[in-house]
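Database features (TrEMBL):
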type: TRANSMEM; residues: 12-32; note: transmembrane segment
type: TRANSMEM; residues: 44-61; note: transmembrane segment
type: TRANSMEM; residues: 73-92; note: transmembrane segment
type: TRANSMEM; residues: 113-135; note: transmembrane segment
type: TRANSMEM; residues: 141-160; note: transmembrane segment
type: COMPBIAS; residues: 201-218; note: compositional bias 'Basic residues'
type: REGION; residues: 201-227; note: region 'Disordered'
type: TRANSMEM; residues: 258-277; note: transmembrane segment
type: TRANSMEM; residues: 289-307; note: transmembrane segment
type: TRANSMEM; residues: 319-339; note: transmembrane segment
type: TRANSMEM; residues: 351-374; note: transmembrane segment
type: TRANSMEM; residues: 386-411; note: transmembrane segment
type: TRANSMEM; residues: 423-444; note: transmembrane segment
Amino acid sequence: MKDIMKLSPSTSQFLVSAAFFPWSIKPIYGIVSDCIPIKQRKRVPYLIISSGLSLFPWLIIGLSEHLRSSSNLFTLMLIVQNLGSAMADVVIDAMIAEAVRSAGSEFAGDLQSLSWSSMAVGGIFGSLLGGYALSNLPINAIYIIFSALPLFQLVTCVFVKESSKGFDSTIDNAAHDHADDQNIDSAFAGQGSGESFKYVSTRRRKGARKKNKRRTLSKRSEGHEKHNKSVNLYSSLKSAFISLCTAFKQPAILRPMAWFFISNSAVPNISTVMFYYQTEVLHLEASFLGTARVIGWFSLMLGTYIYNRYLKHKKLRNILMFAHLGLAIITVLDILLVSRLHIQYGIADKYMVLWGSALADAINQFKMMPFLILSGQLCPPGIEGTLFALFMSINNLSSTLGSFLGAALTSALNISSVQFDNLALGLAVQLMGTLLPIGFLFLIPRDVTGLTSGYRPDHHFFWTGLVCIP
């Protein structure tokens, strides 16, 4: 967007935020996967569909120069690609939620740590490959290479095991009547050979009427069966929606989720502007920024380990407060970078960017891990994909709103690809937004820790630390 389409930072930020909108409606994918199985399975088929949606947009963009030069078409392809990625993420989240609920709270952190560590390993290899590709390969080849990962995901679907979903098969009474009619006809098929022609004709007329009756009953049976399937689907969707609303209305869920929503939406995200600044003003190469992302992924793994090893038994309020204070310090480092105050201390730009990236990813994990663990434990059986997807959509939607807020702030401050005079002011606004959620920590229950017990489907109530909410 910056080099080929020559878009401004605010426009790029807006389009990127719009492209990530499918991540904000994940409950729809969760409801569909939970309530509408395909071939008696509700996980693997949707993994295959989502992998295809993630695969083809990259191939199309890589093969079509017109799409790469059109911001609208390019954004549309990104929306489709993110639709596939979000759908796959919902299915995987549901599988993790099932595992978290069955494993118990003592292993919840371990399962989430394994999931995030696996993602971090993939991010490390992706960042290394991305840095090399940006420096040595044409852009169309890079997009085609991007399609290799969804292709690999599509292939691995073969190795995902999932038991068939049981269904109660019902037989309509008309079908039984149809079978009984056939048996009666067979029993009398050999009789009446010595009767008069008139009697035979009467039997034939009666037989024709019985056949017509059987056809009518058969059609009614088929129509009734389709009606039953529609009713069952409607009942399943209705039940999932009611369960979703019932679970989400619990204060044990609603209050923490409200805080996480505020904590993301109140902070204007101007990361795209910082990327423009790092490449246009600091003249940092793409390969170096890829290396910075590698450091960021390593720090994400470190943050996951630190949380799981030392912080998960601490009070959640304290964890979240120190996480936002740490993020505020990262924003101060960005202000120092833009103001060039670090130069007088002999600190190079590269080190400021590296340390900022590493610390930001590690500290974000201290905020994200309790959110994931809490979300996984609060999922009742049957709607794991739906409820977990709703929790993640709250996080994604609030982040998207923060990105839109950042784009509006960038436009209001007249920041462009060649004008960064007001960038420090924008970062100061971001700093105030980062500190704002600390004032809403009363929404988090006082005694809740990083291993808060979640929804217990066998007793139908919610546990929040030491408080039981019926």
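Using the three backbone atoms N, Cα and C, a Cβ is placed for every residue, glycine included.
On a predicted model such as this, the values are computed, not experimentally measured, just so you know.
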Same-chain residue ranges lying at least 6 outside the transmembrane segment (258-277) that approach it to Cβ under 8 Å: 2, 9-10, 12-13, 16, 289, 320, 324, 334, 338, 367, 371, 394-395, 397-399, 401-403, 405-410, 415, 417, 420, 423, 426-427, 429-430, 433-434, 436-437, 440-441, 443-444
The transmembrane segment (289-307) in contact with the transmembrane segment (73-92), cutoff 8 A, at least 3 CB pairs, sep 6+: no
Which of 12-32, 113-135, 141-160, 351-374, 386-411 contacts the transmembrane segment (73-92) most, counting Cβ pairs under 8 Å: 12-32
Close approaches to the transmembrane segment (351-374) from elsewhere in its chain (Cβ under 8 angstroms; 6 or more beyond its ends): 100, 108-109, 112-113, 116, 256, 260, 263, 278, 282, 284, 289, 291-293, 295-300, 302-304, 306-308, 311-312, 316, 319-320, 322-324, 326-327, 329-330, 333-334, 336-337, 342, 391, 395, 450-452, 454
Cβ-Cβ under 8 Å with the transmembrane segment (319-339): same-chain residues at least 6 beyond its ends: 259, 263, 274, 277, 307, 311, 349, 352-353, 355-356, 359-360, 363-364, 366-367, 370, 420, 423-424, 427-428, 430-431, 434-435, 437-438, 441, 444, 450
